[in-house]
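To start, the structure under review is shown below, and the notes come after it.
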Amino acid sequence: MNETATPSFPKHLLDFQDWRRTQVESLLETAQMMQEVLARPVKKVPALTGFTVATVFFEPSTRTRISFELAARRMSADVVSFSGAVSSTTKGETYRDTLRTLEQMGIDAYILRTDAAGVPHQAHRWLHKPVINAGDGWRAHPTQALLDAFTLREKLGDLEGKKIAIVGDILHSRVARSNAELLPMLGAKVVACGPATLLPGSLPGTTLTTNLKEALAEADAVMALRLQKERMDKGLLPSLPEYIAGYQITEERLRWARPQAPLLHPGPMNRDVELEGTLADSPRSLVERQVANGQAVRMAVLYHVLVGKKS
Amino acid sequence: MNETATPSFPKHLLDFQDWRRTQVESLLETAQMMQEVLARPVKKVPALTGFTVATVFFEPSTRTRISFELAARRMSADVVSFSGAVSSTTKGETYRDTLRTLEQMGIDAYILRTDAAGVPHQAHRWLHKPVINAGDGWRAHPTQALLDAFTLREKLGDLEGKKIAIVGDILHSRVARSNAELLPMLGAKVVACGPATLLPGSLPGTTLTTNLKEALAEADAVMALRLQKERMDKGLLPSLPEYIAGYQITEERLRWARPQAPLLHPGPMNRDVELEGTLADSPRSLVERQVANGQAVRMAVLYHVLVGKKS
Amino acid sequence: MNETATPSFPKHLLDFQDWRRTQVESLLETAQMMQEVLARPVKKVPALTGFTVATVFFEPSTRTRISFELAARRMSADVVSFSGAVSSTTKGETYRDTLRTLEQMGIDAYILRTDAAGVPHQAHRWLHKPVINAGDGWRAHPTQALLDAFTLREKLGDLEGKKIAIVGDILHSRVARSNAELLPMLGAKVVACGPATLLPGSLPGTTLTTNLKEALAEADAVMALRLQKERMDKGLLPSLPEYIAGYQITEERLRWARPQAPLLHPGPMNRDVELEGTLADSPRSLVERQVANGQAVRMAVLYHVLVGKKS
């Protein structure tokens, strides 16, 4: 049904299962070029003139939506926003009917976010145009992993052999899953760490541990995940103070990692929960750089799926 | 008050009472040209550069809003969106004050949707710029009727003498009312069919019947309407199973119509309520084509009311 | 932290404390030029091509947001809209993190509205790009005061020695506070009038009175403020009928002012509360002119903070 997926370059970004390392590296190189565009006073190129991109967010996320919107507009694409909360989905329309309707309106690419896992994969089969997964349930958030990888390489250079510790609610985290898929592909070793109730049984490509000291030991970088406070109310966590006591990233604990190991967080942060508030603003923090790099990476993704190039 | 309405072409689209057949046909010809623009890789023309169009939706409808927004942007107009749900209407501002305020901001055309009937007609008197009715209560939804007519002509050719069956909740349907106004103007015979509780006392230009077999007999096309499930709770309908038993369009019942008679639906569909879910995806269904044609028709409407031409 | 504030012209608009009279007058002259742009058939200039402006509204106001959006787009800027109600602020993100995140995305100017006073001043310290205050709590709404001043000068000429009466809920009004700051700077005398429970202890630059006749006596212009009905429920006002009896601007009471003294209102009006409904539509009313001038003034503000010029 979908003939846009060529063997030479995926015309979609659902997760990294059908991406090869060379393709990811080529995409990160494009992101580097986009970074240069973003450093100009006029941050706009005509690369996607005449294309119309839809953000289709069945789960709200203003930050991610705006990041994609700006990325698209900076390449001169038109953007329309469909948000589930105010849409006819409440009238019983299915995901499929919504997306097929947008397709009939001539949308050139879909940036899709859902609280249900797997919808972007289904959408890819329903539609004839590129689908970019902007987060589906606990499953995947590939542009976040790409911007994390871009940020890590910017700081650490080649990721071959580097140890990256991911700390927090691994079980419910699409960010953890996408990083666990991508970072090992680029040569990194990933250790995922959290309380036992917040760890999955296994996570391919990663070592799992409940021991924070072990996770941080000799780590080249540390990534704290956002804790969904809603989940704690459901008894998945003993209590917030217990989480903080065992897993909050503090300046002291960060000494377990390599000197100067940077600190990442996908945002928005719960200051003084996942990490000490002061750390977030310290030179160790790459949190703001991640956001800035998100622009470059999303521009590169849109460019690749819409205009493409041979890898 | 409104001097933009010239005798040669209405500078607004409230319903079809002040449109002549030649004018409608001229508009549908423009839509045909827009269809050709939409078939290009770059679906954008400079026809409305410098114009600013406002979608003013006091009743939410993401699909219709996006359809108009895309139509306007593809002709290079700027678009601002005013939505009643998050607006100062909740602070007691009247429709009139909202629209007059937008007029002071230099809006060139209004695409107006309200759950109250008649507001677009009032707006036309309050404002000096074109008003396009995007649906007012049960009264009218003229761009839907235009896209239905466009789609029917595309499939059936000239509508002269053709029988079109409209099935469902006729009483509360602005789609039925606008089609009942427009299709006979183009030569078609319209039969409107539904359970007695969902039929109006009379509907000018149509034959009313509670007998589905009679309605579909020799029909050249069948249009199922969306059933508002909310209404059923209010006792207007005996029950959903009864509606389905009597009025759902099934493959079997569709045999009462002419061979290959196409099936239309304004969307979003309640699959397996108004029609068998499988029918919606069959070659008989024009549902997706209607959405695509909606783009062309709305571009044509915007062009006619803003730039116009002699009929 | 913020080096964009040059001595010659403020690169932000928080209130008028760091603006000099010559700078305000220069800005109003720019607004006059923008007014001329708005009188053209194509109301668009390329002045801000390549700039991206964010409207960041933690307190909803569709009118003000659209006014700024149109102002920005008419100068060819890109606009993204962040609205607190649907954003990650509900997830605990602070104002600061939200704004710093947007900064990382390369926003060139912020149009900020909050129900808390002082946030724009904080934002100005957090950010490296211009901040325009679009209303912060009861504190300030400087573009409203600028458009009021522009409208008054258009009608009355030089404001030197002119008496402007502001009537209504002075205590909770950012509009009153910003006008009390700006109008005296331009030479006007401001009298603020309302029931005792709705007057502040003092308001620099104004004379306060509970006596409407005294306030209107020989006034060159009268400005009625919007009454927040929500506040009356909290017992701040005896009752709506009492307010109307004592402070509603009626045609009769307007005779206390100078002949032809115009009537202003920041909108949206509660007709027949703050003023007689018929007055709002009379030739005395400048309400719609204020909205139109708001476009010109906001274009001028955006131009000054983003492109600037020597005063």
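Cβ atoms here come from the backbone N, Cα and C positions, even for glycine.
Nobody curates TrEMBL annotations by hand; they come from automatic prediction.
The carbamoyl phosphate binding site annotation in TrEMBL covers A:R63, A:T64, A:R113, A:H141, A:Q144, A:G267, A:P268. Other Cβ atoms within 10 Å of the Cβ of A:H141 (carbamoyl phosphate binding site) number 26 in total over all chains.
Among the features that TrEMBL reports, L-aspartate binding site is placed at A:K91, A:R174, A:R226. Counting Cβ atoms from all protein chains shown, A:R226 (L-aspartate binding site) has 22 others lying within 10 Å of its own Cβ.
Confidence annotation: the domain 'Aspartate/ornithine carbamoyltransferase carbamoyl-P binding' (A:11-154) carries a mean pLDDT of 92 in the model. Sequence annotations record features per position, and here TrEMBL assigns domain 'Aspartate/ornithine carbamoyltransferase carbamoyl-P binding' to A:11-154.
The domain 'Aspartate/ornithine carbamoyltransferase Asp/Orn-binding' annotation in TrEMBL covers A:160-304.
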(message) With helix taken as DSSP H, G or I, strand as E or B and everything else coil, how many residues of the domain 'Aspartate/ornithine carbamoyltransferase carbamoyl-P binding' (A:11-154) land in each class?
(response) 69 helix, 26 strand, 49 coil
(request) Measure from the CA atom of A:R226 (L-aspartate binding site) to the CA atom of A:R113 (carbamoyl phosphate binding site) and give the result in Å, rounded to a whole number. (result) 18
(message) Chain C proximity: which binding-site residues among A:T64, A:R113, A:H141, A:R174, A:G267 have CB distances under 8 Å? Answer 'none' if there are none.
(response) A:G267
(message) Please give me the binding-site residues out of A:T64, A:H141, A:Q144, A:G267, A:P268 that lie within 10 Å of A:R226 (L-aspartate binding site), comparing Cα atoms only.
(response) A:G267, A:P268
(message) If you compare CA-to-CA distances from A:R174 (L-aspartate binding site) to each of the binding-site residues A:T64, A:H141, A:G267, which comes out shortest?
(response) A:H141
(message) I want to check the contact list for A:G267 (carbamoyl phosphate binding site): same chain, sequence separation of six or more, C-beta distance under 8 angstroms. What comes out?
(response) A:R63, A:R226, A:V287, A:Q290, A:V291
(message) Radius 10 Å, atoms counted are CB only; among the binding-site residues A:R63, A:R113, A:R174, which position scores highest?
(response) A:R113
